[in-house]
Ligand code: GLP
């Protein structure tokens, strides 16, 4: 796992956006996994600025991680609406290439299977951008999610509903259920890029980076990924025991020369 510690939230977003821009420059039809929540907003902001400077994201496809069950797609806090507002519009993505699980489907299990099939049909995800919940969830894979889970219906933890109450008028209004890509689905992405900022994420970051791989802290599954990068600001890094080592490895990163 590559761990990168940046000064603050804006630098985290800029670093992550740089990785995405690099990918899209070499592969304009890249398939991105996109996340909601506040963590990736700086990344989207930096990507929007790069778009203004000429980066073309119009041929990129995107798959959202998750969606609430039972709220209309035009509800401002549905992830359909959030992805459209925070990602599709500012980055100039083609809406026809952007996919969000259907939390309004009559048959939710079939919708989950269909979502997996859509990802496979697109050739899989090249780079999955992730945030992390204070309880270590990625997507909506709450603690004790199966490490090889696929897209499915989950019940949101009470603490997640409370954390997301800020987007609604009250905690009761936050849906009880969601559809989320599974941890196994996320592991299938060719690269994983997790961003976290602020002291409230410091415990989760320490657990997933330096703790055991365990469904107790679902993000720890990224330790099993071949190309996972965790980008954090100083506050989110504050409980990492090996912070100096991560800084050292970034400073001495090997530049591989072709043919060397
Ligand atoms: C949300 C999302 C996750 C996100 C996490 C943290 O509910 N489903 O994808 O990473 O919780 O949210 P935030 O970035 O707002 O702290």
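Cβ coordinates are placed from backbone N, Cα and C, and glycine is handled just like the others.
As written in TrEMBL, here are the features:
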type	residues	note
ACT_SITE	66	active site, proton acceptor
ACT_SITE	135	active site, for ring-opening step
ACT_SITE	137	active site, proton acceptor
ACT_SITE	142	active site, for ring-opening step
DOMAIN	12-228	domain 'Glucosamine/galactosamine-6-phosphate isomerase'
SITE	145	site 'Part of the allosteric site'
SITE	152	site 'Part of the allosteric site'
SITE	154	site 'Part of the allosteric site'
SITE	155	site 'Part of the allosteric site'
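Feature annotations (TrEMBL) mapped to structure.
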residue	record	Cβ within 10 Å
66	active site, proton acceptor	23
135	active site, for ring-opening step	18
137	active site, proton acceptor	26
142	active site, for ring-opening step	21
145	site 'Part of the allosteric site'	23
152	site 'Part of the allosteric site'	22
154	site 'Part of the allosteric site'	22
155	site 'Part of the allosteric site'	14
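Proximity of the recorded positions 66, 142, 154 to ligand 1, judged by a Cβ distance under 6 angstroms to any of its atoms, singles out 66 in sequence order. Across the structure, residue 152 (site 'Part of the allosteric site') and residue 135 (active site, for ring-opening step) place their CA atoms 19 angstrom apart. With respect to residue 66 (active site, proton acceptor), the closest of these recorded positions in Cα terms is 154, chosen from 142, 145, 154.
In this structure the C-alpha atoms belonging to residue 154 (site 'Part of the allosteric site') and residue 137 (active site, proton acceptor) are separated by 12 Å. Distance noted between the C-alpha atoms of residue 135 (active site, for ring-opening step) and residue 155 (site 'Part of the allosteric site') is 14 Å.
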